[in-house]
Amino acid sequence: MEVENQLSAWDGYVDWKNKPAVRGKHGGMLAASFVLVVEVLENLAYLANASNLVLYLKEFMHFPPTDSANSVTNFMGTAFLLALLGGFLSDALFTTYHIYLISAVIEFLGLVLLTVQAHSGSLKPPKCNPATANLPCQQVHGAKAAMLFLGLYLVALGVGGIKGSLAAHGAEQFDENTPQGRKQRSTFFNYFVFCLSFGALFAVTLVVWIEDNKGWEWGFGISTLTILLSIPIFLAGSKFYRNKIPNGSPLTIIFKVLVGAMLNSCMARSPSNAIANMATSPSPTPPSKEVTTENHDKVVETFESPSQSLKFLNRAVIYKPTFDALKCSVQQVEEVKIVIKILPVFVCTVMLNCCLAQLSTFSVEQAATMNTKLGSLKVPPASLPVFPVVFIMILAPVYDHIIVPFARRVTKSETGITHLQRIGIGLVLSILAMAVAAMVEIKRKRVAANSGLLDSTQPLPITFFWIALQYLFLGSADLFTLAGLLEFFFTEAPVSMRSLATSLSWASLAMGYYLSTVIVSIVNSATGDSKHKPWLSDRNLNHHHLERFYWLMCVLSTLNFLHYLFWAKIYKYGSNKRNWAVEMTK
């Protein structure tokens, strides 16, 4: 009976009471469905404010347009970069289950601060007086600014922890050793992006309308209640979850292998040292081969020699270590090789996310100058993301239930469309999006000039639907790239590093937002002199050269895609394609 219970247990996983997780009882689509519902609420709480924050900072905190745009990109970039911290802690110390709960509480506290500040007039700078238009508005400063940024960055810390744990927690519920489990996991990632969009749909329509018409305290308040509601819903699935047991810092393994390879290369190479220190790693990463005997005891065959790819890392294991602390196993070396191989893909997606950052900044400001009426309804500019959101919600099920099955029949492969192909499609769409954005801005400024409204704050006689074009292209790019990245990093990474690797998808977003800030600053510095104003510095968007900025982004995105093609062509899949004992590349 005891042997039977051991066989039914998920190796390396526990339930919420820290007891061994059991097959048929823990994990599966039912457990993952709780994660999907929670993601709807979490993204609603986050995006409801992030999508409209540039206008809040500009109109209520009196930031200049460029400063408000940079503040938003810095805030969103920090939130996504902190996903690495959430992923690291999930792998090293806590389970993804616990990291989500801790992070949700932190985000809740940050939203409470923002709600209180938005509600109290004494905690905001004085309103601008139209009668004294020659006097500049007073920008938020001192203790009020401290309260604003403390609230924002508590939210960023909470969002980072959630992003770094929730997707990995859902993906951990599936058995990757069966074709059905892998297909269900792929479906989960598609619907994870669907749920991101479903939450965003309410955020950029209902909540943004409430912020613009009822007040920001209501918008922040709804976000506060939403993230609070997500906690009991997440807890309701506790008895169904299987939680991966943390196995110590993955960064320690990476550091040990890299340092060991460098130091050992400086030592005298003696054949007697070779293979002397190939200790078996305690990591739960699937071994190269597993044999089950008649009495159901599992015999694990360990690696005998490292693969020939990235051969310089083999020095960490084939020569006697300089220090005992740098003693590595072959399995640890192979894990680090995998991580190094997926990093170029991560780097190539940063530029796409730099393009996506414009949807939260300049695109919103563009729409604010245009006619946003839809019949008798006035649409808030920050609700423009409804276009890509609805498109993603339509395309995600179509992709999962029609396109992928068709591609599987055609290609005779399990995935149908590979992860790298899917990411590449997203990069191409981002190039087209920037070209469309440049042409739309040229048209918008031409209308402003022909109407004599270049110096006016009145809405231009051009519909905001033109801006929706760039939203549709970038929304489609986001669907292909984000879902592809999440699944690519999770499936390709070693088991002991999966939460951290999955967090790279969000870190790519973070680096994109930071890169946007850097590019804007460089452009303004390079284009401004004693005779000309910088392209993106005037308070009036009509005097910007935003179309030139978009063309620059288009060129940079094209160069980035060519860079991506090089790495995608030489990459060799390792997960579920070959046995761990076989080399990933030759």
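Quick reminder: no glycine exception, Cβ is built from N, Cα and C everywhere.
What TrEMBL says about a protein is an automatic prediction, not a curated fact.
Feature annotations, courtesy of TrEMBL:
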- 27-48: transmembrane segment (TRANSMEM)
- 68-90: transmembrane segment (TRANSMEM)
- 97-116: transmembrane segment (TRANSMEM)
- 145-167: transmembrane segment (TRANSMEM)
- 188-210: transmembrane segment (TRANSMEM)
- 216-236: transmembrane segment (TRANSMEM)
- 342-362: transmembrane segment (TRANSMEM)
- 382-402: transmembrane segment (TRANSMEM)
- 423-442: transmembrane segment (TRANSMEM)
- 462-486: transmembrane segment (TRANSMEM)
- 506-528: transmembrane segment (TRANSMEM)
- 548-568: transmembrane segment (TRANSMEM)
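Outside the transmembrane segment (27-48), and at least 6 residues removed from its termini, the chain residues within Cβ reach (under 8 Å) are 10, 13, 21, 79, 100, 104, 107, 111, 155, 159, 162, 166-167, 169-175, 184, 188, 191-192, 195-196, 198-200, 202-204, 207-208, 211, 219, 222-224, 226-227, 229-230, 233-234, 236-237, 240-242, 385. Outside the transmembrane segment (68-90) by six or more residues, the chain places 46, 50, 53-55, 57-58, 61, 96, 99, 103, 152-153, 155-157, 159-165, 168-169, 246, 249-251, 357, 360-362, 365, 499-514, 516-517, 520-521 with a CB less than 8 A from a CB of the stretch.
Of the two recorded stretches, the transmembrane segment (188-210) does not lie close to the transmembrane segment (342-362), with fewer than three CB pairs under 8 Å once pairs fewer than 6 apart in sequence are set aside. Take the transmembrane segment (216-236) and the stretches 97-116, 145-167, 423-442, 506-528: counting Cβ pairs under 8 Å, 97-116 has the most. Panel annotation: around the transmembrane segment (382-402), residues 47, 51-52, 54-55, 186-187, 190-191, 193-194, 197-198, 200-201, 204-205, 208-209, 211-212, 359, 363-364, 367, 464, 467-468, 471-472, 474-476, 478-479, 483 of the same chain, lying at least six beyond its termini, place a Cβ under 8 Å from a Cβ of the stretch.
At the 8 Å Cβ cutoff, the transmembrane segment (423-442) and the transmembrane segment (548-568) share at least 3 close pairs (sequence separation 6 or more) and count as touching. Sequence-remote contacts of a segment are chain residues at least 6 beyond its ends whose Cβ falls under 8 Å from one of its Cβ atoms, and for the transmembrane segment (145-167) they are 35, 38-39, 42, 46, 49, 61, 75-76, 78-90, 96, 99-100, 102-114, 117, 123, 189, 192, 227, 486, 490, 499-500, 502-503, 505-506.
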